[in-house]
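Below: one structure, written as structure tokens.
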Amino acid sequence: MSGMVALRLPRGLWTAALTVMLVVLGAPVAEGRDSPQDFVFQFKGECYFYNGTQRVRGVARYIYNQEEHLRFDSDVGEFRAVTPLGRPEADSWNSQKDVLEQMRAEVDRVCKHNYQIEEGTTLQRRVQPTVTISPSKAEALNHHNLLVCAVTDFYPSQVKVQWFRNGQEETAGVVSTPLIRNGDWTYQVLVMLEMNLQRGDVYTCRVEHSSLQNPILVEWRAQSESAQSKMLSGVGGFVLGLIFLGLGLFIRHRSQKGLVR
């Protein structure tokens, strides 16, 4: 299992490195080319964790006008030029042993330190998903349809969604949307199953997530047209009854007010 969290960069070597790079890139000539009046310099510090902090990798990326040109990877142990623009800086910094030693030490000083800070909040955060099933169109027996299993509002992003028909896993005709970010540190995904409705079929959406002790199982049953008609008739009769009840109460209330007068 691996994870990545953003670095909180302390004042020190990496901040100083930014200043040096800005001075170099702001010079009139860089690698034999005129430097534009306006340019964008970016620095990205990344920490990768494998099995907690048993193995930690730190990567520093230097980006000029949206193109990475220089990189320090703790697994490599030295600076490497990604483009010709980064070669002079890589050669210069690799010749300074004190710089290399400090960069190698950043893995412990920054990555492992920040992991301990984030572990109790971001890394251990769990939000259980909500799972619902709905057909993409009105049910019709012996016709193709699409069942949509909506898995929403979960964190972290890793989730496993499976479709079953009468207890047997369905793999053909399964399509999933990309993972969707909700913008509040939760995610959602839609997993669709193309099927031919048959009376009595039972479809199950099974969801596994790290926030759950047991998988969530949501069932959906195909209904016959007569059953749907009966259900709609029952709902219609219930609504009509409520209307007449309300009308009767209203008339009675008006009559009582007339008697009081």
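Placement of Cβ uses the backbone N, Cα and C atoms for every residue, glycine included.
Annotated features in Swiss-Prot:
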DISULFID  Cys47-Cys111  disulfide bond
DISULFID  Cys149-Cys205  disulfide bond
DOMAIN    129-233  domain 'Ig-like C1-type'
REGION    32-126  region 'Beta-1'
REGION    127-220  region 'Beta-2'
REGION    221-230  region 'Connecting peptide'
SIGNAL    1-31  signal peptide
TOPO_DOM  32-230  topological domain 'Extracellular'
TOPO_DOM  252-261  topological domain 'Cytoplasmic'
TRANSMEM  231-251  transmembrane segment
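Counting only the Cα atoms, the space from Cys205 (disulfide bond) to Cys47 (disulfide bond) is about 36 angstrom.
DSSP assigns Cys111 (disulfide bond) to a helical segment in the three-state reduction. In the three-state DSSP scheme, Cys47 (disulfide bond) is classed as strand.
Listed in sequence order, the residues of the same chain lying 6 or more apart from Cys149 (disulfide bond) and placing their CB within less than 8 Å of its CB are Val131, Thr132, Ile133, Val161, Trp163, Leu190, Val191, Met192, Leu193, Cys205, Val207, Val218. Using DSSP to sort the residues of the region 'Beta-2' (127-220) gives these counts of helix, strand and coil: 0 helix, 57 strand, 37 coil. Across the region 'Beta-1' (32-126), DSSP classifies residues as 38 helix, 33 strand, 24 coil. Taking all protein chains in view, 22 other C-beta atoms sit within 10 angstroms of the C-beta of Cys111 (disulfide bond).
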